[in-house]
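As recorded in TrEMBL, the features of this protein are as follows:
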- His65, His67, His213, Asp302: Zn(2+) binding site (BINDING)
- Glu94, His186, Glu216, Asp302: substrate binding site (BINDING)
- 56-403: domain 'Amidohydrolase-related' (DOMAIN)
Amino acid sequence: MNEIFTARGSVLIAGVTIDGSTVDIALDETGTIAAIGKDARKTIDADIVIDGSDRIAVPGLVNTHTHAAMSLLRGYADDMILQDWLSQKIWPLEAHLTGDDVYAGTRLACLEMIKSGTVAFNDMYFFMDRAAAAVDEMGMRATFAYGFIDLGMEEKREAEIKATETLIAHIKSLNNPRIQAAVGPHSVYTVSPEALSWCGDFAKEQNIGIHVHLSETEKEVVDCVAQFGKRPAVLLDEYGCLTPRTVAAHCCWLDEAECRLLGERGVTASHNPASNMKLAVNRAMPYHWLKQYGANIALGTDGCSSNNNLDLMEEMKFAALLQKFAWNSPTLLPANEALTMATAAGARALGTGPGTLTVGAPADIVLLDTRAVCNTPLFHADSNAVYACNGSAVMTVLCQGRILMHEREVPGEEEIVREAGDAALSLADRAEESS
Ligand SMILES: C[C@H]1O[C@@H](n2cnc3c(O)ncnc32)[C@H](O)[C@@H]1O
Ligand SMILES: [Zn+2]
């Protein structure tokens, strides 16, 4: 293994391009950006030097909505409508998941995210203690929520409460600043009002965030209004589930008043354009209203079964294009705003720092290849990053100053891919046998 992955200490990224200027970035031993500038190399006696020539530095990307271990379900069930997809294909398969599957799937997801420039993600799934172990080994940051689904059944609610409490106690016991916990009520159509109320109270008591699917489909809104007499965001608010630490995924069918509500509560709306288009949810998140009312707007990929990859570089382009197309406005969501969604807004959502390349910020840094075809010519770096490149332009990734990928090499890649492939086949076999 390249010794750059095992060496510890201060790091110098020498002669890298930021905003069109060539500078050094000096990182101290704690993984913090200590200096940026032409003479930053003089501020440290670097243990590790990374050559930054032919590289553009951007902040590490943050994926604010995914189900990482669904990497095992990539291509398992495509081209279906959401309710059928979940109830006929995904949930029956997930009933056979084991902790070992989630560990293997999360490692594959981490590998894929690292290779496309993501350093942190917001995860909602099952066996999250094993997902956390995978993330710790891979060196990324993540926030883990157990996917709470009670379907209105009291017995199930008790079990989901226990699973949530157990996960949060476990994550807190790790005392690892890269690994956080959240409460994860799946949605208003799978979680009873009693359970939503418990989730809101528990998140407040534990001083942690909430991760929820919100207004993904028109059916969700219509059914919610028919059952409860109010729209999904209003319902969530009633039960204390809209807070400055809530990440609401999708938000496609919010009306203007709900966008104002999200803005007032300081909620993060996680836009997942590829998943929304693939599942044909038939409306794009109202970016313009959410922006107007001050909501934090970030980006997510959703799981690998509805995307079908975890490349946030690609997702920036989907976001910018979908918004323009859906709302008939070529000026909506320009490249610099797509980059902000994928970096600073995501970091704000998960509390992982400013999500910018600034002195004092965590050294979560991605180096893009200026010699890649997608970066030639290089009139506007933001434009190329959003509209021309995908994750394959990412050459080096650092998280908290630790080098996770260098020159596209990630330690252990072959074994991670092999084990995840085996786990996916075995999972599908077990599901097949029982059907
Ligand atoms: C945590 C549970 O959420 C399921 N899931 C994955 N993608 C979506 C989606 O787009 N909408 C709703 N639910 C989703 C996942 O399979 C788990 O069961
Ligand atoms: Zn989802």
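Cβ atoms here come from the backbone N, Cα and C positions, even for glycine.
Whatever TrEMBL says is automated annotation, not expert-curated.
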> Can you list which of these binding-site residues (His65, His213, Asp302) have a Cβ closer than 6 Å to ligand 1?
Replying inline: His213, Asp302
> Just the number: how many Å between the Cα atoms of Asp302 (Zn(2+) binding site) and His186 (substrate binding site)?
Replying inline: 13
> His67 (Zn(2+) binding site) has how many other Cβ neighbours within 10 Å of its own Cβ?
Replying inline: 24
> ligand 2 is in the model; which of the binding-site residues Glu94, His186, Glu216, Asp302 have a C-beta less than 6 angstroms from one of its atoms?
Replying inline: Asp302
>> So if I draw a 10 Å sphere around the Cβ of His186 (substrate binding site), how many other Cβ atoms end up inside it?
In response: 22
>> Counting Cβ atoms within 10 Å of each candidate's own Cβ, which of the binding-site residues His65, His213 comes out highest?
In response: His65
> Roughly how many Å separate the Cα of Glu216 (substrate binding site) from that of His65 (Zn(2+) binding site), to the nearest whole number?
Replying inline: 13
> Taking just the CA atoms, what is the gap between His186 (substrate binding site) and His213 (Zn(2+) binding site) in Å?
Replying inline: 6
